[in-house]
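For reference, the structure is listed below as structure tokens.
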Amino acid sequence: KGWNGLAVLVCVSLLSLAAVTQGKTVKYQTFEEDAPGTVIGNLAKDISSAASSAGGSRNNFRMMKQFNSSFIRLRESDGQLTIGERIDRERICKHTLHCLISFDVVSYSKEQFKLIHVEVEVKDINDNSPEFPRKESSLEISENTAVGTRIPLDFAVDEDVGANYIQSYQISVNSHFSIDVLSRADGVKYAELVLMKELDRETQGSYALELVAMDGGNPSRTGTTRINVKVKDYNDNSPVFDRNSLSVDLPEDSPAGSLLLDLNAEDPDEGLNGEVVYGFGHQVPAEIRQLFRVDRKTGRLTLESPIDFESKNTYEFDVQATDLGPNPSPAICKIVVQVQDVNDNAPEISITPMTSITAGIAYITEAAARESFVALVSTSDRDSGANGQVHCTLYGHDHFKLQQAYEDSFMIVSTSPLDREKIPEYNLTVVAEDLGSPPFRTITQYTIRLTDENDNAPVFSKPVYEVAVVENNAPGAYITTAVARDMDMGSNGKVSYKLADTYFMGSPISTFVSLDPASGSLYALRSFNYEVMKQLELRITASDGGSPPLSGTANVYVRIMDQNDNAPVITQPALNNGSAEVLLPRDAPTGYIITRVEARDADEGVNSDLSYGLATGEPSVFSVNRATGEIYLNQVLSHDVDETLSVTVTVSDSGRPALTSAATLHFLVIAGPPPSDRTVYQAGGADEGHAQWDLSVVIIVVLAGSCTLLLLAIILIATTCNRRRRDKGGEDSDSYGEKGTLERGRNHMADNPLLPLHGAGPGAAFDGHSYSSQPGGFTSAVRPITIWKGNSYTTISARDPAFSGKDSGKGDSDFNDSDSDVSGDTGLKKDGPVVPPIGGQNGLWACTSECKVLGHSDRCWSPSAVRANAAPSPAPTLSSFNSLPKMASLPCDPNRRDNYYQAQIPKTVGLQSVYEKVLHREYDYVLVTSPRPVRVQEIGDITIPVYDPTPTHCPNEEA
């Protein structure tokens, strides 16, 4: 047995290499009942032989946990497969011809995963003997039974399969009976007893036979049963079935009570001899009797209890019919029931993770490469055909996909690099659906968690920290905290801090500051002196606890802030015990600079800005320049002055609080004039005045001056606005006031030599033009204009925008254009300023809002009222204007007026109607100019209103 097993293993190993190369499936064979520890095969050797290009990299193996893992053991170091416990083939596979133990093994190295499907076939050994259901059975046969009649016998059962199953039957030697070995539809062999010779009850009433069943094992095993045959008197007729064998298809989901067959057997006898009853034969096993039922009287074969195609798909049994007469001879009908599969089983999903700590959750490292194996999804469906074919789909995230491993097994593999810091967990949905109609579907939720890898270095909140520390700090003072974050978790994300090994001023940096390795807080180890060091530079390294650790760095610049901790030191003149002697000539003039006190301060900035002063001494005699420290005489020394004069000079810095140093100067008065090279201080000089100024005083003065200028500007603007408002109010009253207008108009007409009068009566008509009193321009903006209004004069302001005499340059304004709302009897534009009516009629009947603002054009103003046949004016100034092209006159004759209008002015219906109304008014309008006429510079800026003399006063009519 051992040698045969070894040969099988060697052969299977050679066959498995091709399997690995083709489908990553390794097949082995072993025998049942082998001792635990028996070696089945070695995956490492088989894989390395099949894929020699692997480069000799060492692989580790791991078995995916499954229900049959106890039968096979795997050594993870080299993939050796051994038997875990004794295997009983008949227990795990029953009557299946091929008994396979299938499982999956993962081979991994350097985070690369490969799935290997392993199939171990358990070979059968002849360890079971055939067995009959009964050790002894009895048969009754009528003596008139025909030769060749077949009588079913009990069939033996053998748990082994293949060659070790029952191969033949034998019967003991006798003179009347033999056996015939047959096979059922499911492959089970059975024997039938055949009558070879007529029976005679009077000669021999019974027979004792022995039936032996033999398997094909080596050595062969047998099973025996005893058959007692009893010969009875003949019954001349026996029941006969319509057919000796019947086959029926039965869907597995048929309910209990379903009719399979309606059997019918007939017996020509009468009475009890012809009454037929039905039933199972004695050899039918109990399993058939539980599933099926035969009605004793009607022969209806029905389903007694539900059947399952997945348990057994074929049933074969005998139904016999007998009459109720004495010594009946039964008739046999063989029934074969084929169970038809229906889609009554939903797919089953089993997910086995590569690494699992918690049930239902697969773990994979975030450093896994693409196509890395995560979990094995195994599907199964107990149905057959299309009902058992399963389609599997994965939903949830495109970072994972399903890859078919073999048949109904799939691998969940990664499709892209993973990052736990972005997505730590994936919730996936596996859907398995069969191809039945209607299909069954199974949905399973599954979770994949990423395990952390040390792939993130600590990162400081900022790369450079700049902090300031005031000098003279206490040792141990807190400076700052440098914080670094690590996105990893666990030990990979635990950050520790360390100072870089650098030197400063010849000493290690660790002698100046200390760093808390856990928090990153920085503390001073000594008191800093700004005068010794201005800035301290150091570098901090943050490392995580990964393997290998990752680190990040940040620079810290500690700037030492100056403190006013140094008093000024007087360096000139040289002091001896805080005093010095200085020679002072008796004849020194006023302003004579005796000496200059010089001092220095080790501090910087405002702390080193020095000012000088006198603490003691005669201020009337000596003075000191606060900025330069020069000491000079305020007056000439008298002759009775002492030979020694003393003053105390103070030097103060600008710190807060200020520090002061003092020195006593002894002036030794000597005879004689001062040296000629000495400087005389000029009192009140620019330097002194500048020195005496205080910065705060300058700022106050500048702010006060700025506020004063702002106030003056506001007052000026307010005054200007008020003046303009008053002027405008006066102009309005002049334009629209009625008081005194008649008298002023008469005086103006009398004083103006350029205004011609054509008679004293109301029928006189005038031609007039307004022009500037200065060359090239018009009159002043507030010049009054007097107009003739029928029988009186009215003065209006030339500044009134409603009566502007300036051509706007915007072109002629038509009566019905978009700028005018005037039509028919309406007056001025609705949104324009309201102009009081003059004599009951609007003076500027075609004026628009635009021309009132920008200046009137020729067409929005009334056409000229000068008549073509009017008498010449005695004033040459006005008569010169009659020849201008824009000075058209409207004839008083209606016929001639129509012709004149058509020839000179674009005719519109609206304008025509206005002219019709104006020409029937009894008013004449005269625009009176300033008394001093000048040459008109711009003809285009002259506008003459329309005058409407009554027909009774027209010169033509008078003629």
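Cβ coordinates are placed from backbone N, Cα and C, and glycine is handled just like the others.
Positions annotated as compositional bias 'Basic and acidic residues' by TrEMBL: 728-749.
Per TrEMBL, domain 'Cadherin' is recorded for 32-132 (among others). Confidence across the domain 'Cadherin' (32-132), taken as the mean pLDDT and rounded to a whole number, stands at 80.
Sequence annotations record features per position, and here TrEMBL assigns domain 'Cadherin' to 133-241 (among others).
Here TrEMBL flags 242-349 (among others) as domain 'Cadherin'.
The domain 'Cadherin' annotation in TrEMBL covers 364-460 (among others).
Here TrEMBL flags 461-570 (among others) as domain 'Cadherin'.
What TrEMBL lists as domain 'Cadherin' is 576-669 (among others). Secondary structure of the domain 'Cadherin' (576-669) per DSSP (helix as H, G, I; strand as E, B; remaining residues coil): 4 helix, 48 strand, 42 coil.
If you look up TrEMBL, you'll see 725-752 (among others) marked as region 'Disordered'.
The feature region 'Disordered' is assigned by TrEMBL to 799-835 (among others).
According to TrEMBL, the transmembrane segment annotation covers 695-718.
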Run through the domain 'Cadherin' (32-132) and tell me, per DSSP, how many residues are helix, strand and coil.
16 helix, 39 strand, 46 coil
Any contact between the domain 'Cadherin' (32-132) and the domain 'Cadherin' (461-570)? By contact I mean 3+ C-beta pairs closer than 8 Å, pairs at least 6 apart along the chain.
no
Stretch in 133-241, 242-349, 576-669 most in contact with the domain 'Cadherin' (364-460), if contact is a CB pair under 8 A:
242-349
